[in-house]
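First the structure, in the form of structure tokens, and then the observations on it.
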């Protein structure tokens, strides 16, 4: 976004002016790019007319429009925020149907896990035009699923899942997502040459070929079924040491009779059956003996099975394309709510998407971090003040008790002298 000239006499740009500049920049950029969908929530409560809540379940979580606890701009950073813990969420927005055949497809949006989410989705789904938005659920057929997913320490990844012949195919690469609590920009680019690119904060984090990185088609090559591994091919890395002999005292039973046990006095053989010594773990049991392993002197490595063309493989140059793309939705589960979704964009122009990201997320990321750091410092100062006040009060009470105790002893000593 262009800066306001310093010598024009306007002073600091107002929120309204910033909105206008953003809209003008978007209009100029979209003159070259085709923008299928763009949502920045700049018109307040009117977003409810464009987004539809699913009625598939009566207890779906509710979204609210907010910039959150900390932000770069109180208006520009407003987005849809999850507001209820341990809930499923389902909401979507419709746009004019289109096909990405022969064109790039760019899906982009921002995610802010300001609650530092421990388990929950932050991804979007792209649907065909026949989606019944009021029945949106996890079972709804979608074209593309893209974005971060976090659950515990194991799952912190970016999903890239494309539907092909009514079956979802996830990417085989692990793409790590951001987990620091700030707003981040996620971008997926799918090209007609069947390549893709994933960007986070306008920096590429993954790229490749759809056919190679997602299991859409059978493999091009397979092992030749007519060729067998030679009988004398030894692919064992280690073998048993022929010189290793099992010790004579090795074999001990795993369980033995506990001869120190005594038959209970109330044991009735007629009722309980004949009493036997209980079995206990044998402390001398050493398990099954196995000879130690040594390097195999005849090891020849992994046998290279000859490959042939797979007769079941047939190329498909339309993996990347979808017809009647018409709905974008959030269909997620969150244990701890607070995630904010904003700056949605679907276009055919990579450069426009990058510029749009710089003009939205790029403009407010710095001030957002500064505000969060300031709030953290203020909170820490308040906590320190509270602690100091608490310990000061404890010390004061302790001092008062000590003073009172001294007075009580003085009075007692005076009474004792008088008695004497």
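Counting starts with 1 at the first residue shown.
Cβ from N, Cα, C; glycine included.
TrEMBL lists 123, 125, 142, 149, 331 with the feature alpha-D-glucoside binding site. Marked as compositional bias 'Basic and acidic residues' by TrEMBL: 365-388, 401-420. Residues annotated as disulfide bond in TrEMBL: 119-151. The region 'Disordered' feature in TrEMBL is assigned to 357-388, 400-420. The annotation signal peptide is assigned in TrEMBL to 1-33.
Feature map: TrEMBL annotations on the structure.
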{"residue": "119", "record": "disulfide bond", "Cβ contacts under 8 Å, 6 or more apart": "150, 151, 152, 334, 335, 336"}
{"residue": "123", "record": "alpha-D-glucoside binding site", "Cβ contacts under 8 Å, 6 or more apart": "145, 146, 147, 148, 149, 159, 332"}
{"residue": "125", "record": "alpha-D-glucoside binding site", "Cβ contacts under 8 Å, 6 or more apart": "140, 142, 143, 144, 145, 146, 328, 329, 330, 331"}
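Taken residue by residue, the compositional bias 'Basic and acidic residues' (365-388) breaks down under DSSP into 24 helix, 0 strand, 0 coil. Residues 121, 124, 145, 146, 147, 159, 161, 329, 330, 332 surround the recorded alpha-D-glucoside site, their Cβ atoms falling within 8 Å of the Cβ centroid of 123, 125, 142, 149, 331, which are themselves excluded. Scoring each of the binding-site residues (149, 331) by how many neighbouring Cβ atoms lie within 10 Å, the top position goes to 331. For the recorded positions given as 142, 151, the lowest number of other CB atoms within 10 Å of the residue's CB is seen at 151.
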